[in-house]
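K.L.:
Sending over a structure as structure tokens; questions will come in a sec.
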Amino acid sequence: MKSLRLPATVLFCLLLLIKGLGAAPPGHPEAQPPPPSSEHKEPVAGDAVLGSKDVSALEVRAARNSEPQDEGELFQGVDPRALAAVLLQALDRPASPPAPGGSQQRPEEETAESLLTETVRSQTHSLPVPETQAPAAPPRPQTQENGAEAPDPSEELEALASLLQELRDFSPSSAKRQQETAAAETETRTHTLTRVNLESPGPERVWRASWGEFQARVPERAPLPPPAPPQFQARVPESGPLPEAHQFGGGSSPKTHLGEALAPLSKAYQGLAAPFPKARRPETSLLGGTEAGERLLQQGLAQVEAGRRQAEATRQAAAQEERLADLASDLLLQYLLQGGARQRGLGGRGLQEEEGGGRETARQQEEAEQERRGGEERVGEEDEEAAEAEAEAEEAERARQNALLFAEEEEGEAGAEDKRSREETPGHRRKEAEGAEEGGAEDEDDDEEMDPQTIDSLIELSTKLHLPADDVVSIIEEVEEKRKRKKNAPPEPVPPPRAAPAPTHARSPKTPPPAPAPDREELPDGNEELPPRDRXENEVFSPVPYHPFPNYIRARTVQPPPASRRRHYHHALPPSRHYPDREAQARRAQEEAEAEERRLQEQEELENYIEHVLLRRP
């Protein structure tokens with residue numbers, strides 16, 4: 001009986017080892033069972049039977065003791081994803097359903113299955129099982145006893161689930177995915193959108209709202225369904241719930257309990273295997289799919305831009321019109337002021353010329369007297385008097401121009417008021433027409449030029465110049481009168497050029513040029529001639545050099561007298577006839593004349609502009 005139970009015990013131990021190592025990934029040779037010794041292959045009767053029993057018991061204890069050690073060293077250096085995939089593949093393998101009568105299972109099938117499984121897992125050696133005769137009844141009681149000693153499968157499942165959870169929690173990619181998920185949720189929750197409402201023109205034209213409010217306000221768009229991860233669609237049937245629980249509802253097997261316990265792990269594995277989709281911005285996913293939102297935004301932006309351009313063009317046109325009106329009014333006033341000043345300046349210039357002629361005659365008389373007196377003092381006095389006279393003349397001319405300018409302004413204001421009062425009186429134009437018929441040709445020309453059409457154009461011009469119509473009419477009439485006066489006036493004589501004034505600074509007295517120096521041949525030699533007071537009749541000096549070497553001391557009697565030394569005459573340059581002061585004054589006078597001519601030319605151009613542009617504008 002013992003000889004018959006021995007192979008069943010060995011087979012049960014082998015099955016326990018296979019179940020313990022079924023979840024181990026390939027490539028760990030340390031997890032494989034050690035090769036059986038020769039004691040298992042060749043059983044011997046008698047004492048050999050007892051020895052084989054002890055050996056089998058020792059193997060079972062060693063397998064039990066090695067299970068926690070192998071469990072600790074089993075998953076070291078293995079990728080969490082690969083480990084989870086291997087575990088799920090091991091779980092998804094369909095197991096053979098247990099027969100209703102467990103006692104009818106044939107030991108030959110178990111032996112063949114164990115041989116096949118062991119050969120595939122080890123990949124290095126096979127475990128030959130000794131051929132045994134099929135017993136009439138399977139060793140059920142022994143299996144139950146050994147099964148009671150085997151570890152509880154529920155504890156193994158709990159340990160495996162906790163291990164997978166730890167692997168998933170401590171994987172480096174899970175923390176990153178959690179951060180990305182939190183950032184995406186925060187971005188979606190706090191995102192706001194700006195929309196332009198084209199119907200309301202008030203401050204509610206542009207409103208800001210959260211994404212949910214915008215989605216509610218846009219009725220033509222339907223929310224898109226959340227995209228399913230396509231990476232894991234092929235693996236769903238493999239990792240789905242195991243069919244054992246549905247097929248065998250009444251029976252309970254370790255495989256069924258294992259599938260039920262690892263169902264949440266398979267769902268977690270789906271989340272691990274599928275890459276996390278990138279957080280897409282809601283406006284690109286919703287507004288990019290439809291054209292209504294884009295069209296609304298484009299229309300709103302186009303209207304805002306068009307309104308801005310129109311306002312800018314209106315502002316520029318108003319500024320340009322105001323600038324032109326200011327320029328025209330400034331030109332008119334400048335023309336009026338410069339025209340009166342010019343005419344009065346011409347009259348004052350005639351008086352100034354007369355006064356200048358009197359001053360010139362007086363100056364000529366004074367010069368004649370100074371020439372009679374002679375001397376250099378008269379030149380300085382003449383310069384000082386000329387400078388004083390010029391300064392007085394300039395001051396008088398300035399005062400006269402200022403007085404004439406103020407008088408002209410007062411007369412212009414009084415004339416404008418008189419013309420306004422006459423225009424307000426009825427029948428004013430009829431009286432002017434009668435006076436024009438009785439008057440000469442000048443009045444007729446005046447009426448012909450100032451016709452009603454011209455007055456209408458002038459009134460239109462006044463609106464552009466921001467001035468009253470009466471003021472513009474009076475200004476234009478004054479301009480016309482001055483123009484006629486200038487045409488009828490005789491040509492003004494060209495004034496003679498001014499003489500260059502005498503220099504104002506005092507010149508130094510003229511010194512007569514020195515006499516030319518005598519020739520060297522005519523000069524007497526110092527050794528030959530002596531002054532008459534020191535020269536003796538028989539005294540002759542030896543031709544010895546005066547200073548043969550430095551620090552040489554000679555007697556004083558031997559030294560020649562100082563009168564006999566050579567005299568060197570320094571030739572003084574003759575006084576130059578070039579007087580820079582007179583040339584500078586002449587140049588200054590010429591520049592003043594050119595400036596006056598340019599000023600007159602500018603006034604003429606201004607008058608022509610007013611006559612041909614402003615007065616003839618429709």
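Note: Cβ is positioned from N, Cα and C throughout, glycine not excepted.
As the structure is a computational prediction, the values presented were derived from the model and not from experiment.
Swiss-Prot feature annotations, pasted as is:
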type	residues	note
SIGNAL	1-23	signal peptide
REGION	23-46	region 'Disordered'
COMPBIAS	26-37	compositional bias 'Pro residues'
REGION	86-201	region 'Disordered'
COMPBIAS	180-195	compositional bias 'Low complexity'
REGION	219-262	region 'Disordered'
COILED	301-332	coiled coil
MOD_RES	Q310	pyrrolidone carboxylic acid
REGION	342-603	region 'Disordered'
COMPBIAS	356-378	compositional bias 'Basic and acidic residues'
COMPBIAS	379-395	compositional bias 'Acidic residues'
COMPBIAS	416-434	compositional bias 'Basic and acidic residues'
MOD_RES	S421	phosphoserine
MOD_RES	T425	phosphothreonine
COMPBIAS	435-451	compositional bias 'Acidic residues'
COMPBIAS	490-500	compositional bias 'Pro residues'
COMPBIAS	578-602	compositional bias 'Basic and acidic residues'
K.L.:
Given the model, what does the mean pLDDT over the coiled coil (301-332) come out as?
P.N.:
87
K.L.:
For the residue listed as 'pyrrolidone carboxylic acid', write down the residues of its own chain that are at least 6 apart in sequence and whose Cβ falls under 8 Å from its Cβ; none is a fine answer.
P.N.:
none
K.L.:
By DSSP, what is the split of the compositional bias 'Basic and acidic residues' (578-602) into helix, strand and coil residues?
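P.N.:
Its residues divide into 23 helix, 0 strand, 2 coil.
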